[in-house]
Structure formats: structure tokens, C-alpha cells
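See structure below.
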Amino acid sequence: PPVSAFNFMLSSLQKHRLHGKVIHLWKHMMEMEEANNVVPNHFTYTVVIGSFVKAGLLEEAMDVLGKMRASRLVPEEATYSCLISLSSRHGRGEQVVMLYEEMRAHGIVPSNYTCASLLALYDKSEDYSKALSLFSEMERSRVVIDEVIYGILIRIYGKIGLYDDAQRTFEEIVSAGLLSDEQTYVAMAQVHMNARNYDKALQVLGLMRSRNVKPSKFSYGALLRCHVAREDIAAAEDVFRALCKYGLPDVFCCNDLLRLYVKLGQLEKASAFILKMRKEDIQLDEALCMTVMEVCCKSGMITDADKILKEMNNGGVTMKSSTMVSIIEMYARNRTSVMQEQDSSSKALACQTDSSALNATLKSLLDTPGGSSIACQLIRKLAREGRTCEAKFLHEQLTQLGVKPEDSATSTLIVQYGQEQKLHQAEELFESASTSFPIRGPVYNAMVDALCKCGNIGEAYHLFMKMADQGHSRDVVTISILVTHLTKHGKFQEVENIMHGCFHGEVELDTVAYNTFIKSMLESGLDKHLFLFIRWASKIFRVWVSWLTATALVSKQANYTQLSTYMIA
């Protein structure tokens, strides 16, 4: 059959919205093209591209456009428009711009629908300068600007802080009698909310109601955000009830109201609201889950917190690492506070062992790239903030999961125990860590530091020497701390042993460590050893050792001449 017959059939099928059959006939036509010399014309390409677009098949539509270009045929504005719209919905920004520029190169004036698609893309990609440039081009080309375009323009003005321009544009729409779309009202209300002018936002939404514009979830959501920002619980609850008439509210509206309850300390209402959400089976997203967990932790709803975490993990909800860390931190704080409040040790044990929900979240975090390091960062953070119970709790959970906490996490917690004079807890953690995994230098050094801070100098010395005998690295800061404490307690022989160990082990000391050794030997009267130390150290650190030694010996005039002679030599 001739191409005209195909065109008639294609057109008839498309008019009845049978786009699948249009596509099927097109493929059949392509199979017959070479054998029967059936060549598609402009009308054929236009209809087929339209059906591919209606079916949401962007790649196939672009392939047909390529064939049309190869035939030296120029598409109509409507064809470009539908391709631009579909490309925009697929997030193909570069392709949208390419199609628009190609259309303009052919001298085709874009329709307001095409311009609206392009403006919406620029708005979504936050390319506001291009959006404003396009709007100016539309005015020059005398493209009819409808309410949809004005609404997008108002939204863009609000985002870049041009509130007066947004208000002026809105007033122009009102004066022109174009204002009828709910989204335009909401766009202007949102501009006022961004400027924290909630009264004006309410005026705009009130104007919409006075003009009998039927509200939807969209405008009720904006109204709810406005009342939440004004911290008007009664009004917010009224709007939320109205919103529920349209079905289940979205997670954003639920989170807005729940955050308001939390902010105003209405934990009973917040807890009741959570139970209602769970009863209605509202699926939580990251933000809402965070708020729900915060309420559960503040109000002691441990069982609910466990269930929610399990549901999130079992439901395959993907959360950002930062969200998981925040949830884990809140959960750990809540669990440890409850454990501390238990009067019965059996109850405390039961509370401590029921951590399956937390473990599931920890596992999810550990499965992410760098998850183990992120968990250890949290342990270090909690320890440095003095929240040792929470840090220990998470440390134990990692160990129970078979994950070795980083040495930095274990050592930071041990050091914090030392600062708080909690030697028993430090020793427990050190023993537990050595039982579960091989202990390395940083953890040994941290335990030596904790023993020194708690006054157990003898044990600190023996642990340090054990660490050295096993070939672990000796931290220069730990050396300085230990030598200082040994010197204060008159244990100069131990200092000498450490010094010789550093000589033979070729430990790289810093200026603080050198100075600490020198001061110790000066106090002990070991001048002979002092000059042996200088002779050894000067090979590595000549200038600084000479300067430090000279400074240290100023008070010892008897040795000063001898030192000067040595320095000159």
C-alpha cells in the first residue's frame, strides 16, 4: 500500500489513542520500506513521534526524530514541544536545550506550552538566570504568557529573593483577570513564607478561598506549613483534619505537624499522632522517621522505636549515612538512659540485650561505603563529649556484630575514662578489646595514658614496657606523659630504662619528648647520662636539642661551661 494509506491508518489509530498499535504499524512499515519502497513523509513522522511520546518512550521518539532529520524534514512546533516536555520529565536537561535551540534555528516561534516546559526545567535545576533570559526572549517574541508561566516566574522570583518582583507579577495577573489556578496562589504564598511573612501568605490563601478556587492537597499542604511556622497548633490541626478528607496525608505534612508538637513540647499529642500514623500504615521516609524516633526516645516509647526501626530495615527503605548516624545516636542515648534508670539488674540486662533494631540499623550503616569508619567517628564524638555510656554501648554493639572498632575509637574512649578517673571502666574495655581482637599500639598507649591519669604509675610503666617488648609503636606523647609522671614519683631508674629503650629502638622523638627526658635527668642528677643522651640525640636533632639543653641547664652554672664546650665542639 502507498504511504498515504499508512498515514490514514496511523492517524485513525492515534485519534482513538491506540498508541501501541500506531507503534506496531510503524515497525511493520519500516520492515516494508526497503522491499516496497514505502517512504515515510512529514505527516508520518509527526504522528509516530507523537505516539511514542504519549507512550513515554523517549529514546524511540528521538530515534524517529533522527530519521526525520535524515530525510531533511523540519518538525513542527508541536513535535518539538512534546519532545521537550518528555525530555524535561526524564531530566534530560541538555537534550531539552538542544531541541529548543534546534527549533529556534529553524525560525520556529515556541508556544507558551514549550516555554513552560523549559522554564520548569530551569526552575528544577536552579538555573534561574537562563529562566529569566528565556522569559525576556518570550516577551520580545510576543509569546502569549499564560498563568502557568506567570506561576513559574513567581516561584523563581521567590527563590532568588526578588519578593517585590514576585508581588508585582502576582498583582499583574490579578489585574489581567488571569488568576484562576490554585498553584499560582500557592506559589505566591510560598514566596511570602520564604520571607517569613506568614500573615501575607495567609492573606493570599484566603483570597483563593474567597474566589471559590477549589482547594486540593496542594494548597492545604501550604496552609499547614504556614500555621506550623506560626506555631498555631489549633489552626494546624484543623487544616490537617481537612487534609485527611482527601485521603492519607503525605509524609511531608505528617512531619510538619509532628515537628510542631515536638517543638512545643506536646509529647503526648506527638505520641498519639505516631500511633495514629502507624494504625493508618503511613510509610515513613527519612525525615519523618527521624522525627518519630526523636519522639519515641523523648517519651520512652522503646517498643515502638524498636518496631519502627525494624520496619524501616525490613521494608528496604534506603537512608543516608547521616540519617542512620543520627538515629543510632538517639537510640543509643535513649537505651543507655533507660539502662541507668533500671533498679533491677535483671531488667537492665533484658533492656541491654534487646538491641536487634539498633543492630539492624548498624548493619545497614556498615554495608554502606565507609560505614565502619562513620560508626567509629560517632564513638569518638560521643567519648570526647563525655558521653562514655553511649560510646561504650555502641562499641559493644559493633563488637557483637563481629566488627572490630577502629583503634582510634577504642583509644579515645579509654583516654576519656582516664580523664574521668574511671580506671575500672578503662581496664574493662582494654581487657574486652584484647579478648576480641589483637591489640595494637594506639590502644596500648591509650591505656598507659589512662593509668597515668588515674595515678597507677607502676602498672602504666609495666604495660608500656610490655608493649615495647612486643614491638608495638611507642607514641611520643605517651612517652612524655609517662616520663613526667615517673619523674614526679622519683622513679628515675624507670625513666632511664625508657630512655635506653628509645635509643636502641630508634624511636623518633619530638621536641617535647626530648625536653621531658632532659628535665627528668636534671632532677635526678644524672649528668653523665644527660650528656650521653645529648651526644646520641644531636645526631638526629642537633639544633633543637642544643637549644633545649642550653635552656634547661641555665640554672645549673656548674655544668654550663661544660655544656658550652660541648656545643662548640
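Just so it is clear, glycine is given a Cβ too, placed from its N, Cα and C backbone atoms.
The domain 'PROP1-like PPR' annotation in TrEMBL covers 124-239. Residues or ranges marked as repeat 'PPR' in TrEMBL: 41-75, 76-110, 111-145, 146-180, 181-215, 250-284, 285-319, 440-474.
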Composition by DSSP (helix, strand, coil) of residues within the repeat 'PPR' (250-284): 26 helix, 0 strand, 9 coil
Long-range environment of the repeat 'PPR' (250-284) - Cβ separation under 8 angstroms, sequence gap at least 6: 217, 220-221, 224-225, 228, 231, 233, 236-237, 240, 243, 291-292, 294-296, 298-299, 301, 304, 308, 311-312, 315, 317
Long-range environment of the repeat 'PPR' (440-474) - Cβ separation under 8 angstroms, sequence gap at least 6: 407-408, 410-412, 414-415, 417-419, 421, 423, 426-427, 430, 433-434, 481-482, 485-486, 489, 491, 494, 497-498, 501-502, 505, 507
Counts of helix, strand and coil residues, the repeat 'PPR' (76-110), according to DSSP: 26 helix, 0 strand, 9 coil
PLDDT averaged over every residue in the repeat 'PPR' (440-474): 88
